[in-house]
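Presented below is the structure to which this report refers.
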């Protein structure tokens, strides 16, 4: 009898011990899913913070450049042509760095598993930091290659290419490790990162043929934005919309497949409108128009899905609302500035007069913020603020920052579009002298400076929100309720 009691007690104690262990394991898993970040997600915060910091810097660089265009004798240690190169370099680097963090963070979210190698993430981060610093630093000291849009020294683009390839390799290995849990969003974001590397590497080389040089350059200028970044940001949108309950998972994934197929086909062939006047066959005049029209389809469908979701969605937290504000801002500019205006500009007999004018610059500002700018900011904010509670006061200030950014983008782009229309008509059509036309459009360029001021104010307000949440959450991915109330 005693033996039976002893055996029974031993079995019960083992069962209770096993149950306690299972409870502790389950608790650990729940904590991890609900706020505690895995190693890869914690490291992705570095990319998000650096991207936002460079974004704020770009605001100051942009307003100085816009002012020096109106006031030619403005004292500046950096000449206008190199200041423009720094501005364009920043416009390339901060979205790229932010996209790296987004892909890592939301891939881990989708797979519910950590990255293949955290060591690769660390190496990649410092490679992209040093390459970006070298690129911007040398341009500041008037050292470059004179190639428009990609003005930096090739070795720095090689460094950035290496960082992208490391990221792509890490993501591919992560998907292979968790192949039973691969989602459309994680696969498409990984594909976008692969395309970023494949499109940049050819631009490290030097080409003696000017036609080849121009064509390859637009693989970064156009295809990065209209294809590679679009794949990455669409994966983020899908992940956020599904997690927040805005859109049903099956509807979002259907849109994601359509977006991916049209982004690749439309992006590859839509680049043809950059080939109109550089020596390519005339067939590209037709290809450029047709595929630029196709690129509008997924944007319109996303707007429809978002509208339906907003009508019936559950109440969102303030942190989610702020992220949604930026996604909606992106959708506005993507639909109007990147898609509709872009399609109008690709009509050959329109493009003949408008290419290379301020209309192109206005379109570029709208497209940058429509396709990737606001989405990278939204993703970076979502990464850094995961698990936080946003107070009403801080929410109002952060929304004010987003509104100032919108006001700045609209003012800058509208001013540039009006200036570009006058420039096209007076200079290209009527044949007036270029310098005379420049004097006539200077008031609109001054209005652009005002828009840049609004934009800079918005970047400061948004940057303060980012610095605040970064500092208070630096020790852990999830912060305590007491700390949350101060954010």
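Residue numbers in this text run from 1 along the chain shown.
A Cβ is built for glycine as well, from the same backbone N, Cα and C atoms used for every other residue.
Whatever TrEMBL says is automated annotation, not expert-curated.
Keep in mind that this is a model prediction, so the values were computed, not measured.
The transmembrane segment annotation in TrEMBL covers 47-66 (among others).
Long-range contacts of the transmembrane segment (86-108) within the same chain, counting only residues at least 6 positions beyond its ends with a Cβ under 8 Å from a Cβ of the stretch, are 38, 40-41, 43-48, 50-52, 54-55, 57-58, 61-62, 65, 78, 114-115, 121, 124, 128, 132, 135-136, 139-140, 149, 151-152, 160, 163-164, 167, 170-171, 174-175, 185-186, 189-190, 192-193, 196, 220, 224, 229, 232-233, 235-236, 239, 368, 372-373, 376-377, 379-380, 382-383. If you look up TrEMBL, you'll see 86-108 (among others) marked as transmembrane segment.
The annotation transmembrane segment is assigned in TrEMBL to 120-143 (among others). Counting residues 6+ beyond its ends, the transmembrane segment (120-143) has Cβ neighbours under 8 Å at 40, 43-44, 46-47, 50, 54, 78-79, 82, 85-86, 89-90, 93, 96-97, 100, 104, 151-153, 155-157, 159-160, 162-163, 166-167, 169-170 in the same chain.
If you look up TrEMBL, you'll see 155-172 (among others) marked as transmembrane segment. Listed by sequence, the residues of this chain that lie at least six past the ends of the transmembrane segment (155-172) yet keep a Cβ under 8 A from its Cβ atoms are 93, 96, 100, 103-104, 107, 115-117, 120-121, 123-125, 127-128, 130-132, 134-135, 138, 189-190, 193-194, 196-197, 200-201, 203-204.
Sequence-distant contacts of the transmembrane segment (184-207) (same chain, six or more residues past either end, CB-CB distance under 8 Å): 96, 99-100, 102-103, 106-107, 110-111, 150, 154, 157-158, 160-161, 164-165, 167-168, 171-172, 175, 213, 216-217, 219-220, 223-224, 227-232, 234-236, 238-239, 253, 256-257, 259-260. The feature transmembrane segment is assigned by TrEMBL to 184-207 (among others).
Sequence annotations record features per position, and here TrEMBL assigns transmembrane segment to 227-247 (among others).
Long-range contacts of the transmembrane segment (256-276) within the same chain: residues 184-185, 188, 191, 214-215, 218-219, 221-223, 226-228, 230-231, 234-235, 238, 284-285, 287-292, 294-295, 297-298, 301-302, 345-346, 348, 351-352, 355, each at least 6 residues beyond the stretch ends and with a Cβ under 8 Å from a Cβ of the stretch. Look at TrEMBL and you will find 256-276 (among others) tagged as transmembrane segment.
Look at TrEMBL and you will find 282-303 (among others) tagged as transmembrane segment.
Here the transmembrane segment (324-350) has long-range neighbours at 226, 233, 237, 240, 244, 246, 270, 273, 276, 285, 288-289, 292-293, 295-296, 299-300, 302-303, 306, 316, 359-360, 362-363, 365-367, 369-371, 373-375, 377-378, 381, 399, 402, 405-406, 409, 413, 417, meaning same-chain residues at least 6 beyond its ends whose C-beta is under 8 angstroms from one of its own. What TrEMBL records for 324-350 (among others) is transmembrane segment.
Look at TrEMBL and you will find 362-384 (among others) tagged as transmembrane segment. Sequence-distant contacts of the transmembrane segment (362-384) (same chain, six or more residues past either end, CB-CB distance under 8 Å): 41, 44-45, 47-49, 51-52, 55, 91, 94-95, 98-99, 101-102, 105-106, 225-226, 229-230, 232-233, 236-237, 240, 319, 322-324, 326-327, 329-339, 341-342, 345, 405, 409, 412-417, 420, 462, 465-466, 469-470, 473.
Tertiary proximity for the transmembrane segment (396-421) is limited to same-chain residues at least six positions away from its ends with a CB under 8 Å from its CB atoms, namely 66, 322, 325-326, 329, 333, 337, 341, 354, 357-363, 365-366, 369, 374, 390, 441, 444-445, 447-448, 450-465. According to TrEMBL, the transmembrane segment annotation covers 396-421 (among others).
As annotated by TrEMBL, transmembrane segment applies to 441-464 (among others). For the transmembrane segment (441-464), same-chain residues at least 6 beyond its ends with a Cβ under 8 Å from one of its own Cβ atoms are 52-53, 55-56, 58-60, 62-63, 66-67, 69-70, 358, 377, 397-398, 400-416, 418-419, 422-423.
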Under 8 Å between C-beta atoms and at least six residues away from its ends: which parts of the chain pack against the transmembrane segment (282-303)? 226, 234, 237, 255, 258-259, 262-263, 265-276, 331, 334-335, 338-340, 342-343, 346-348
Grab the same-chain neighbours of the transmembrane segment (47-66) for me: Cβ-Cβ under 8 Å, and only residues 6 or more beyond its ends, written as numbers and ranges. 76, 80, 83-84, 86-87, 90-91, 93-95, 97-98, 100-102, 104-105, 125, 129, 132, 376-377, 379-381, 383-384, 412, 445, 448-449, 452-453, 455-456, 458-460, 462-463, 466, 470
